[in-house]
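Colleague: Please read through the structure below; I'll follow up with questions.
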Amino acid sequence: MGLGPVFLLLAGIFPFAPPGAAAEPHSLRYNLTVLSWDGSVQSGFLTEVHLDGQPFLRCDRQKCRAKPQGQWAEDVLGNKTWDRETRDLTGNGKDLRMTLAHIKDQKEGLHSLQEIRVCEIHEDNSTRSSQHFYYDGELFLSQNLETKEWTMPQSSRAQTLAMNVRNFLKEDAMKTKTHYHAMHADCLQELRRYLKSGVVLRRTVPPMVNVTRSEASEGNITVTCRASGFYPWNITLSWRQDGVSLSHDTQQWGDVLPDGNGTYQTWVATRICQGEEQRFTCYMEHSGNHSTHPVPSGKVLVLQSHWQTFHVSAVAAAAIFVIIIFYVRCCKKKTSAAEGPELVSLQVLDQHPVGTSDHRDATQLGFQPLMSDLGSTGSTEGA
């Protein structure tokens, strides 16, 4: 049975970590997802690859074709890169479908198996590699690809899934050992190749800063400072009164989110007394540069950015979609003609793994709607 169009909410696309004194390591991250429907593993799979935290490759159909995500990647690397990645991603998708087929406790309905692989090269040339498995969005198994050490959460369900998958992977011990050694080496080899090509040069793109104010309410106004179009993602944005930073509890920060073109955006807001606008400024610091931005006086027309417009449209579309689904289900119940959903909503959560220190790169998550034709041809033969 084919799934038809599947709506996915895919999280963890962009990893974030608090800025520290040490330089961030270079990283290559593979995120693969396969699906099953009523115990039948579907033929499609979804893969997203991030290079130094930026979207790099994406493969979302049965006949996968890796495509560069953003002009910054397309300008540097040629067709040979995409051909090689397409071949490797297709093989990895097949392996993950075979793993999903050996999970014994699958029940009716839609289920997902997600594999995340991350390799890093640090400033001192040390390396780290890890692999993590999620079933229906829940982490159940992690492995340090360098030490071959496995870890798993304490829940009984996670341990059952972990033993199931480990037993399958250990059916041929020598093959498994060779496979994971190659996985570790290949990831680092690809990362070094990209570093050598110059595609991940530590470029800097300064932010555009815009300060807006709301209409007065009970003698107060809300002032918002937005920074957009900057890279890298770590930025300082805060409000100051007479040159002194406001306390943390008087400000509200938005998450640092991708703009969709390889850069990032964020905002900070606070409430101030009407008439004291000239005492407040927004302070921005990014990649060694800093600037201050005053609150505009008088009434200001606030124009929506492309991201805001998309966000509002997406929320409205989601609300309409939910209403339609609710109406259809009610009608089906009344007519007793429900034969299973044509549109399925799947939420794959790229969470922090529990019980391992190897996967440290996802502390803030944003959600991005994604439409895909996964599994349009039904189950795979021989996985």
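Positions of Cβ are set from backbone N, Cα and C atoms, glycine also.
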Colleague: Which of the listed residues, N31, N234, has Swiss-Prot annotated as N-linked glycosylation site?
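Modeller: Comparing N31, N234 with the record, Swiss-Prot tags N31 as N-linked glycosylation site.
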Colleague: Check the candidates C225, C330 against Swiss-Prot and report the one noted as S-palmitoyl cysteine.
Modeller: C330
Colleague: For C119, which disulfide partner does Swiss-Prot record out of C59, C187, C273?
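Modeller: Recorded partner, per Swiss-Prot: C187.
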Colleague: Specify the nearest of the recorded positions C59, N79, C119, N210, C282 to N220 (N-linked glycosylation site), where nearness means the distance between Cα atoms.
Modeller: C282
Colleague: Determine how many residues of the domain 'Ig-like C1-type' (207-296) DSSP places in helix, in strand and in coil.
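Modeller: So the counts come to 6 helix, 54 strand, 30 coil.
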Colleague: I'd like to know the mean pLDDT over the topological domain 'Cytoplasmic' (329-383).
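Modeller: Looking only at the topological domain 'Cytoplasmic' (329-383), pLDDT averages out to 37.
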Colleague: At a 10 Å cut-off from the C-beta of C282 (disulfide bond), count the other C-beta atoms across all protein chains.
Modeller: 25
Colleague: Which of the recorded positions listed here (N31, C187, C225, N261) have a Cα atom within 10 Å of the Cα of N210 (N-linked glycosylation site)?
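Modeller: For N210 (N-linked glycosylation site), the recorded positions whose Cα atoms are within 10 Å come to C225.
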Colleague: If we count other C-beta atoms within 10 Å, could you say which of the glycosylation sites N31, N79, N210, N261 has the fewest?
Modeller: N79
Colleague: Distance check, please: Cα of N79 (N-linked glycosylation site) against Cα of C119 (disulfide bond), rounded to an integer number of angstrom.
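Modeller: About 23 Å separate the Cα atoms of these two residues.
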